[in-house]
Structure formats: structure tokens, C-alpha cells
């Protein structure tokens with residue numbers, strides 16, 4: 001734990017420096033709609049193994065959840081109560097409540113009593129004994145596991161993970177802006193978000209959370225199904241998360257929900273995010289062989305290279321990079337395990353080296369360029385001005 005804390009604290013500097021120095025904003029100028037297609041698409045498609053393969057582990061819960069969520073969020077979304085689209089807004093909450101109760105009924109009735117151990121782990125609502133073992137109140141505090149330890153090898157390995165998080169979060173920011181019907185985030189807004197994310201990772205290291213902070217792809221997909229893109233929702237949700245982190249029994253209650261239920265929802269959320277990436281094709285000329293080449297190769301390698309790394313690691317019990325420098329191995333293996341990261345490397349490189357001068361219109365740059373600066377579109381002030389008058393400390397550029 002102390003080693004993980006130290007690695008997170010050290011690695012947070014990557015996003016803090018790239019974000020607040022505006023280096024990531026400068027690098028984002030090499031992005032185009034064509035280059036973002038594989039990155040955002042594979043943000044969703046690259047997580048296909050967390051969808052129906054997990055639903056199938058407890059099909060009697062997962063499949064009804066998927067069908068019910070489809071029904072509420074799509075087929076019955078025009079059902080209104082007092083003028084409010086209740087089922088569209090609360091399809092997720094209603095579906096989870098119904099299927100969770102159904103799963104608990106199956107558990108309590110002994111439906112899984114004689115089933116295999118693996119089935120019980122995926123289907124039962126009481127398998128982990130979370131509620132009985134969780135304390136009523138536990139207040140987290142910095143350095144609760146002791147003083148963090150720092151090791152160069154651990155730090156470089158975590159830096160690779162933070163770099164992957166940076167790229168995946170960039171794609172998620174782009175997807176969230178489209179699903180919220182907002183303008184694409186200007187370069188400095190994108191960089192500012194990465195910087196704040198680095199602050200989050202620093203706090204993760206100080207509090208010993210084991211994992212770092214990144215953009216939730218699931219929440220981006222949820223934004224698309226509920227059609228709610230309000231900051232107030234995020235602020236209230238953050239308050240709930242703080243509340244449940246302190247009152248252990250309540251947090252354990254929600255943690256007892258079988259993961260199969262969430263996997264069913266992921267089939268929708270990740271698919272929505274992937275479709276947002278494909279929607280950028282409308283701003284490009286897909287009759288261009290250059291664009292077809294870049295899109296196809298970047299997407300294929302974005303899926304194929306991480307799959308090679310996974311298969312190699314499963315067979316050899318170590319990644320393809322296996323030198324005497326452990327920090328280098330961790331860095332390379334982590335980078336190429338991520339589909340969006342591989343897609344960005346391939347797509348941005350090809351997009352900025354193949355017939356660049358002759359292809360500005362084909363790659364969608366005339367539409368994209370006006371959104372690079374905060375003053376490029378009058379709607380940016382509505383979408384990206386910081387609350388509580390914080391813009392005086394972080395003025396738009």
C-alpha cells in the first residue's frame with residue numbers, strides 16, 4: 001500500500017505538469033476529427049470484454065437487466081409524469097432497483113444453493129459478506145497506511161498508467177461534450193481538465209485509495225441515455241460518494257449489487273461512447289483513400305496490438321517487453337495494453353504525416369479549428385466557464 005501511494009504521488013506529476021503547463025493543449029492541436037474517430041470509438045469498443053461476457057456469467061440476472069434497461073430508456077422514454085420524462089431520466093435507477101430485488105429474491109429463496117462456486121460469486125447478493133463486515137463509520141484521512149515509499153521502478157510503471165489515463169480521459173472529454181450537445185472542449189479547457197485530474201491522483205496517493213482517478217466511461221454513456229449534462233448532478237453525486245465512503249454500511253449495501261447487473265448496462269454505455277467516435281466521420285471525407293487507410297489501420301491496430309499483449313502475457317506470465325529494466329517493461333507493456341492509446345499514437349502520427357497540406361478539408365480541420373480557442377465560439381462561455389468565479393484564477397485563453 002505504501003509503495004502504491006508513493007507511485008501515485010510521483011505519477012500524478014505527469015498530468016499536473018502536462019495540464020497546467022498547457023503542454024497537452026499544445027499537443028492537442030495535432031488532433032483532428034479523423035484522428036479522434038479511432039480514439040473515442042475504441043474507448044467504447046475496447047471494453048467489449050466487460051459487457052456481455054460478464055452478463056453471461058449470470059444470464060438469469062444480466063439478460064433481464066439488459067432488456068429492462070432497453071425498455072425503459074428507449075421504448076418507454078416518452079412516458080411523462082407531470083411533464084417530466086421519468087423513465088428516460090431514471091431508467092438506470094429503476095432497472096437496477098428492480099433487478100437487484102429480483103437477484104436478492106433468488107438468493108434468499110435458495111436458487112443458488114447447489115450451484116457451482118463461480119456461479120454463486122457472480123449471482124448472489126450476499127456472497128462477499130460486505131454488509132456484515134463493513135464498519136458503520138470510517139473516516140478516511142491522509143497517509144492512513146503510513147508514510148509512502150518511493151521507488152523509481154514503481155513510479156515509472158504508474159506513470160505509464162497515468163499517461164494511458166490521460167489519453168483515455170481526453171477521448172472521454174470529447175465524447176461527453178458531444179453527448180451533452182456542447183461544443184468540443186477548447187485546448188486550454190482540455191488541458192485544465194487533465195491538470196485537475198492530476199490533482200485527483202495526488203489526493204488518491206495521499207489517502208491510499210489503491211487506484212488513481214480517471215474519467216468514467218460509464219458515466220459518459222449514462223449522459224447519453226439520460227440526456228442530463230448538468231454540473232449540479234455531478235456535484236450532488238460527489239456528495240453522495242463522500243457520504244457513502246464515510247458510512248461503511250451504506251456503501252457496502254450498494255457494493256453488494258451483483259456486478260452482472262452493471263455489465264448489462266455497460267453493453268449500452270460503452271456502445272454509445274463508441275458510436276460518438278464514429279459520429280466524427282461526418283466531418284471528414286470518407287471517399288478519400290487516405291482517410292480510409294488511417295481510420296482502418298488505427299482502429300485495427302488499436303484492437304489487435306493490445307490483444308497480442310494480453311495473449312502473450314497470459315502465456316508467458318510477463319509482457320512482450322521483458323528486459324532487465326523492470327521500469328521500462330512496465331512502461332511499455334502498460335502503454336500497449338490500452339486500445340485508445342495505441343489508436344491515438346497510430347492515428348495522430350499518420351494523420352499528421354500523410355499528405356498533410358493537401359488534406360485539411362478532408363480530415364475535417366475547417367470545422368474543428370474554430371473550437372480550439374475559448375473565444376472561437378460564443379457558446380464556450382456557457383459550457384466551460386468555471387463555477388464559483390474560479391475563472392479569475394484560471395482565466396480562459
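Cβ atoms here come from the backbone N, Cα and C positions, even for glycine.
Any TrEMBL annotation is an automated prediction that lacks curation.
Away from its own ends, the transmembrane segment (29-47) comes close to residues 167-168, 170-172, 174-175, 187, 217, 221, 266, 269-278, 280-281, 283-284, 291, 294-295, 298-299, 302-303, 306, 338-340, 343-344, 346-348, 351-352, 362-365, 367-368, 372 of its chain (Cβ-Cβ under 8 Å, at least six residues beyond either end). Residues or ranges marked as transmembrane segment by TrEMBL: 29-47 (among others).
According to TrEMBL, the feature transmembrane segment maps to 54-72 (among others).
Same-chain residues lying 6 or more positions outside the transmembrane segment (92-112) and placing a CB less than 8 Å from one of its CB atoms are 60-61, 64-65, 68-69, 72-73, 119-120, 123-126, 222, 225-226, 257-258, 261, 265. Marked as transmembrane segment by TrEMBL: 92-112 (among others).
Under the heading transmembrane segment, TrEMBL lists 233-255 (among others). Through the fold, the transmembrane segment (233-255) approaches residues 128, 130-131, 133-140 of its own chain, all at least 6 residues removed from its boundaries and within a Cβ separation under 8 Å.
If you look up TrEMBL, you'll see 261-280 (among others) marked as transmembrane segment.
The transmembrane segment annotation in TrEMBL covers 292-309 (among others).
Per TrEMBL, transmembrane segment is recorded for 331-350 (among others).
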Let me spell it out: take the transmembrane segment (54-72), skip the flanking residues so only those 6+ beyond its ends count, and list any with a Cβ under 8 Å from a Cβ in it.
87-88, 91-92, 94-96, 98-99, 102-103, 106, 118-119, 122-123, 258-261, 263-268
